[in-house]
Amino acid sequence: MPKEFTDEFEPLLIKDFNGQKQPKLPNRSLVLAACAACIGGTFQFGYNISVINAPTTDVHNFINQTWIERYQTGIPESVLTLLWSTIVSIFTIGGLLGVTVGGTLSVKHGRKGTLLVNNAFAIIAALLMGLSYPTGYFELLIIGRFITGLNAGIGLCVQPLYLGEIAPTAFRGAMGMGTSISITLGLFAGQVVGLKELLGKEDSWPILLATTCVPAFLQLLILPWFPESPRYLLIDRGDIEGCKKALKQLHGVSRCDGELDDIEKEKRGLADFKAKTPWELLCDRSIRLQVLTVMLLNVAQQLNGINAIYFYANYLFTQSGISAERIPYVTLGTGACELVTALTCGIVIDRLGRKVLIMGGYILMSICCILFTLTLSYQSASPIVPYLSIASVFAFILSFGLGPGGVTNILTTELFTQATRPAAYIIAGSLNWLSFFLISMVFPFLVVWLEQYCFLVFMAVCTCMAIYIFFVLPETKNKTFIEIQNEFKSSKKARTVDATGMTQL
């Protein structure tokens with residue numbers, strides 16, 4: 001290993017051999033800090049994706065009524081569709097902008113500080129969307145949705161950074177699953193609040209959209225009681241007293257000294273520490289394989305068919321004879337299914353490992369795509385076939401939650417070090433949001449061209465990712481960051497052969 005890498009990562013090679021027994025459960029304060037970060041972080045992402053579905057008809061009526069009042073004529077159907085599509089999809093544009101600035105803000109203002117400031121965007125967005133109906137300006141919905149996307153993008157970038165840096169190695173996987181759990185919890189909460197019995201009524205939709213401020217206020221009340229990332233305090237800010245205090249609160253007095261020693265040794269190895277920019281990260285050949293892996297994982301997370309499954313769900317439920325009034329409750333079942341899966345993954349991830357879960361998830365998703373195509377092709381063959389399609393939907397969601405849905409963000413944390421991690425999240429998040437926008441725009445046309453066979457495209461994506469993970473991605477469970485780096489370097493050297501057929505050293 002080159003000397004510069006040895007100097008930088010030598011502290012991470014030193015493990016804790018003091019004979020202390022590893023705790024079976026994380027410290028209570030650590031869990032509460034993670035919950036406080038999640039409620040105003042990635043929870044907002046899931047919540048604002050699902051909550052917009054319930055008031056679709058009511059918002060259409062509001063836009064049409066406003067148009068008539070302004071121009072004394074009904075709105076053309078094409079214009080109404082364009083406005084609604086803009087309200088829904090501009091969320092992704094805001095998210096893309098948010099994730100590009102989130103990494104930079106986390107370096108300048110800290111992980112916790114950025115999360116707290118980010119709540120201002122949620123509150124402003126809630127105010128705009130809540131006032132759209134009484135003021136008669138549907139344009140406020142567009143602006144509000146853009147700002148909610150900005151809030152979600154920053155949260156999706158910074159919250160996993162915070163969770164990854166406050167967690168000890170033994171619980172890094174379980175803590176990292178907080179991102180996936182909070183997203184699915186947000187999706188589920190949005191579906192529940194949008195029911196007709198709650199805020200899904202015709203005259204309640206402005207309040208429904210404005211509820212995005214509730215998680216923001218909760219985080220502003222709770223998160224200040226917990227510390228900034230100890231790693232950020234010591235390495236980025238040089239605040240040793242703040243780091244000690246944070247470690248005592250998060251890990252307990254008994255393990256504080258050991259954790260502090262590790263961070264101090266890492267800081268000494270990073271004497272010239274400077275966080276890299278995304279461009280510098282892309283140009284760094286020493287970690288090119290890690291960058292490529294994270295890019296592929298984040299693109300595949302959106303292009304593996306999970307969004308297409310959700311788009312197709314209502315059609316399948318209708319084909320199965322489920323009435324329109326009962327569809328929201330069946331959809332609620334899919335949300336509950338994904339939430340339970342995320343919780344299960346959080347329990348087993350530090351036992352089974354990341355590679356097994358994500359590779360197995362993609363394999364099962366490939367099988368589900370084949371079953372999905374077959375059941376859609378023979379819908380009229382038997383009354384039971386539509387129900388088999390629904391079973392395939394639930395199986396696909398379970399497979400996604402156990403694998404790509406939960407593990408992808410954790411790997412983005414684990415494949416990089418303190419100097420490169422913020423830039424990695426900017427690149428990964430940008431590709432994730434761009435892929436989300438792409439599939440939202442392309443999938444309707446893909447259905448027209450290929451009909452049910454469009455899921456064979458997603459099968460190919462899932463299969464290719466499973467093969468790539470099997471051959472390239474090392475297991476990262478219970479390994480330090482340098483051990484993970486060394487495995488990538490070893491695999492790269494093993495594939496590099498000179499002209500004489502001898503492995504280059």
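Note: Cβ is positioned from N, Cα and C throughout, glycine not excepted.
Here is what TrEMBL records for this protein:
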{"type": "DOMAIN", "residues": "34-477", "note": "domain 'Major facilitator superfamily (MFS) profile'"}
{"type": "TRANSMEM", "residues": "30-47", "note": "transmembrane segment"}
{"type": "TRANSMEM", "residues": "82-103", "note": "transmembrane segment"}
{"type": "TRANSMEM", "residues": "115-134", "note": "transmembrane segment"}
{"type": "TRANSMEM", "residues": "140-162", "note": "transmembrane segment"}
{"type": "TRANSMEM", "residues": "174-193", "note": "transmembrane segment"}
{"type": "TRANSMEM", "residues": "205-226", "note": "transmembrane segment"}
{"type": "TRANSMEM", "residues": "291-315", "note": "transmembrane segment"}
{"type": "TRANSMEM", "residues": "327-349", "note": "transmembrane segment"}
{"type": "TRANSMEM", "residues": "356-378", "note": "transmembrane segment"}
{"type": "TRANSMEM", "residues": "384-411", "note": "transmembrane segment"}
{"type": "TRANSMEM", "residues": "423-449", "note": "transmembrane segment"}
{"type": "TRANSMEM", "residues": "455-473", "note": "transmembrane segment"}
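The stretch with the most CB contacts under 8 Å to the transmembrane segment (455-473), chosen from 82-103, 291-315, 356-378, 384-411, 423-449, is 356-378. In this chain, the transmembrane segment (384-411) lies out of contact with the transmembrane segment (30-47); the count of Cβ pairs under 8 Å, excluding pairs fewer than 6 apart in sequence, is fewer than 3.
Sequence-distant contacts of the transmembrane segment (140-162), counting only residues of its own chain at least 6 positions beyond either end whose CB sits under 8 Å from a CB of the stretch, comprise 37-38, 40-45, 48, 52, 59, 83, 86-88, 90-103, 105-106, 111-112, 114-115, 118-119, 121-122, 124-129, 131-132, 176, 178-179, 182, 209, 212, 216, 229, 409-410, 412-413, 421-422, 425-426, 429, 432-433. Through the fold, the transmembrane segment (356-378) approaches residues 297, 300, 304-305, 309, 345, 348-349, 385-386, 388-389, 392-393, 395-396, 398-400, 402-408, 411, 451-453, 455-456, 458-459, 462-463, 465-466, 469-470, 473, 475 of its own chain, all at least 6 residues removed from its boundaries and within a Cβ separation under 8 Å.
Here the transmembrane segment (423-449) touches the transmembrane segment (82-103). Their Cβ atoms form 3 or more pairs under 8 Å, with each pair 6 or more residues apart. Against the transmembrane segment (291-315), the recorded stretches 174-193, 327-349, 384-411 differ in Cβ pairs under 8 Å, and the greatest number is found for 384-411. If you look at the transmembrane segment (174-193), the same-chain residues 6 or more away from its ends with a CB under 8 A from one of its CBs are 26, 30, 34-35, 37-39, 41-51, 53-54, 156, 159-160, 163-164, 166-167, 199-200, 208, 211, 328, 331-332, 335-336, 338-339, 341-343, 345-347, 349-350, 401, 405-406, 409-410, 413-414. Outside the transmembrane segment (384-411) by six or more residues, the chain places 160, 164, 172-173, 176-177, 179-181, 183-184, 293-294, 297-298, 300-301, 304-306, 309, 312-313, 316-317, 319-321, 333-334, 337-338, 341-342, 344-346, 349, 354, 357-362, 364-365, 368-369, 371-372, 375-376, 378, 465, 473, 476 with a CB less than 8 A from a CB of the stretch.
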